[in-house]
Amino acid sequence: MKIAGTSYRSVWVDEKDSWSIHIFDQTRLPFSLDILQLTTPEDVAHAIRTMQVRGAPLIGAVAAYGLALALRQNSSDSAMEEQASLLAATRPTAINLRWAIERMLSHLRPLSPDQRVQAAYAEAGRICDEDAAQNEAIGRHGLSLIQEIAKNRPPGTRINLLTHCNAGWIATVDWGTALAPIYMAHDAGLNVHVWVDETRPRNQGAALTAWELGSHGVPHTVIADNAGGHLMQHGQVDLVIVGTDRVTRTGDVANKIGTYLKALAAQDNSVPFWVALPSTTIDWTVGDGVREIPIEERAASEITHVAGRADDGSLTKVQITPDGSSAANPAFDVTPARLVTGLITERGVCPATESGLRGLFPEQ
Ligand code: MRU
């Protein structure tokens, strides 16, 4: 995507500079667009754990490059397996992370150690290219859903979408999942407006989604997480569209904490609730998302403190709870398939059911 006229992806390699990996430091957005250089697998693990990079597809792609960096240090079988396990354990919920590491290992295990570094960079590059292409295809399929709404309205009528967290280009290699159809609808001249859930506790909506949409010129309004139900009751949301960190083969959807409540409100108000995902986010081994998907528990300090920009321009954190109050911070929840109108994948849309998913991905 473009920022101020320059095209970027969310991760890239600098071949001239020791084959290092570059990312945007997402903990500094929207206030500062800082590029980070990662030169070791430890740098990559740190970037994922601290959410300098985040978003299910992107952490998979960056971890794949992390393995390439590890192989530059030691490409023996045992070192490769050890580094792969360390990278895969950096965050538990997004399946793309383990998918990417497994794909890298399947490609690299049969090779001799001296062939592995070059092969690893090439495979990580393919993972990135495929992610960008899949998200572009998701955008086209999702665009049809928005065009369908527009068709039944007087020309130029505003279409109100609501999204949670950040499933834009910065959460993927390019385009995003939930935001890809929105970008395409805006570029096609449709009058789209996005309600952006702030997405406490880390505020990925307020900070990242609002920044992305603003950079692309898409009209949007940031709302408190609790406002969505009220807006739906008053006919101000035409469609909810979110991304996901893991979809079970039965269509249950793990996504940022609070997604489930939006789906409940959407069902109560007959608002369509769509989930956009590349097939790398499907966990074919899991049937019951509520019971089987591991939910990341993050630091209590994300609840007790809020990060932002002070009046003097410095980035700061302020405490919002009394000293001594404990805080719990489950980072994801699972929306049961029955609340999901449908899934938007790179191969088209389907119901959130096992037969729907297998219809699109019969090879599984
Ligand atoms: O904790 P995060 O910021 O990594 O959570 C991200 C989300 O929940 C996204 O909605 C999801 O990864 C889909 S990104 C295309």
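Glycine is no exception: its Cβ is also placed from the backbone N, Cα and C atoms.
According to TrEMBL, the active site, proton donor annotation covers D245. Taking Cβ-Cβ distances under 8 Å and a sequence gap of 6 or more within the same chain, the neighbours of D245 (active site, proton donor) are A56, T93, A94, I95, N96, A254, N255, K256, T281, F332.
Residues or ranges marked as substrate binding site by TrEMBL: R54, G55, A56, R91, Q204, N255, K256. Using a 10 Å Cβ-Cβ cutoff, N255 (substrate binding site) registers 29 neighbours.
The Cβ of C165 (site 'Transition state stabilizer') has D197, T199, Q204, G205, T209, V242, G243, N255, K256, G258, T259 as same-chain neighbours under 8 Å, each 6 or more residues away in sequence. The site 'Transition state stabilizer' annotation in TrEMBL covers C165.
In the shown protein chains, 29 other C-beta atoms lie within 10 A of the C-beta of G55 (substrate binding site). For ligand 1, the neighbouring recorded positions among R54, R91, Q204, D245 are R54, Q204, D245, by Cβ distance under 6 Å. Most buried of the binding-site residues R54, R91, K256, judged by other Cβ atoms within 10 Å, is K256. Highlighted in sequence order, I59, A94, C165, N166, A167, A171, G243, D245, F332 have their Cβ within 8 Å of the centre of the Cβ atoms of R54, G55, A56, R91, Q204, N255, K256, the residues recorded for substrate, and are not part of that set. The substrate site in the record is lined by R54, G55, A56, R91, Q204, N255, K256, and its two most distant CA atoms lie 17 Å apart.
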